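Below is one structure, written out as structure tokens; the observations come after it.
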């Protein structure tokens, strides 16, 4: 009897992905109230309107894609995908956007421009939360990345808390267990953590978010010239010499470094290829290699075509976009994404 040919790791992963998608359980609660074509009658053509605007502008300024994707992610991790990250601080309290993890967020003006366009066509109909979810999806697709289904019908939250952002947004120093525990509170699994981390292929990081891996890392002993031993030595030396000079040497904390050097404007497997070579910036990225299952997923996708990663990423993004959404009579439809219509929730 002939010996069957072994399947490549990426083909096995692709097959597993299909099984998972087909075996997915029934969606319940607020998620079930989201649906494709939610605005088909109340604001026909709104998704095309958003997509056309996004493509027109992102093609000219591709860095916007990463900003919008990160903005959507940070929104969904605090009070769910309800556009609370877009609200301004008030005399009553400091909002999410002014929390330290969000001070480097960009894209607020872009979302406001899209919302203004939508409001002109359909006043008071389309939520800021849906505008943000659609805009993030279309921006990734505009730079050649994957697209995914975005059912609509989200309502906008009326509460935005700096403290909740501090508590809920993943920190760059988190361990694998801390990350998976946090993701689990959002209904996201280990593989969602692995594939959503792939967004860093178009990301940048500030030196201050990983300086502790370059200087005085506890695992390397005392002193200010020691690096995290899990970081590739040559890569670390280059970062120390050219990107993030020693703090007492005057490096600017807002100095930025590409997370996928050489292709940070291209949505591809570059992030994972750098990760397996221990050339990732954040401790939270390096943490993916400390778990056997997560490491196997990363090593498996690296050997395959971009399309497999695209499908996995798209599936996790579709899941992220339904986290703790508000629907029906919950929340409101904001006319101005930065300001609530009324004080009641």
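Cβ from N, Cα, C; glycine included.
What TrEMBL annotates here:
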- 74: active site, proton acceptor (ACT_SITE)
- 75, 78, 80, 82, 84, 96: Ca(2+) 1 binding site (BINDING)
- 170: substrate binding site (BINDING)
- 200: heme b binding site (BINDING)
- 43-122: disulfide bond (DISULFID)
- 76-81: disulfide bond (DISULFID)
- 128-337: disulfide bond (DISULFID)
- 207-244: disulfide bond (DISULFID)
- 33-341: domain 'Plant heme peroxidase family profile' (DOMAIN)
- 1-32: signal peptide (SIGNAL)
- 70: site 'Transition state stabilizer' (SITE)
Fewest other Cβ within 10 angstroms of its own Cβ, chosen from the disulfide-bonded residues 43, 122, 207: 122
Residue 81 (disulfide bond) versus residue 75 (Ca(2+) 1 binding site) - Cα distance in angstrom: 6
Distance, residue 84 (Ca(2+) 1 binding site) to residue 337 (disulfide bond) (CA atoms, angstrom): 9
8 Å Cβ shell about 75, 78, 80, 82, 84, 96 centroid, Ca(2+) 1 site members excluded: 74, 76, 77, 79, 81, 83, 85, 157, 160
Site of maximum Cβ density within 10 Å, from recorded positions 70, 74, 200: 200
Cα within 10 Å of residue 128 (disulfide bond) - qualifying recorded positions among 43, 122, 170: none
Residue pair residue 244 (disulfide bond), residue 76 (disulfide bond) - Cα distance, angstrom, rounded: 31
Which same-chain residues, if any, lie at least 6 apart from residue 81 (disulfide bond) yet have Cβ under 8 Å of it: 72, 75, 129, 132, 133, 154, 320, 321, 322, 323, 324, 325
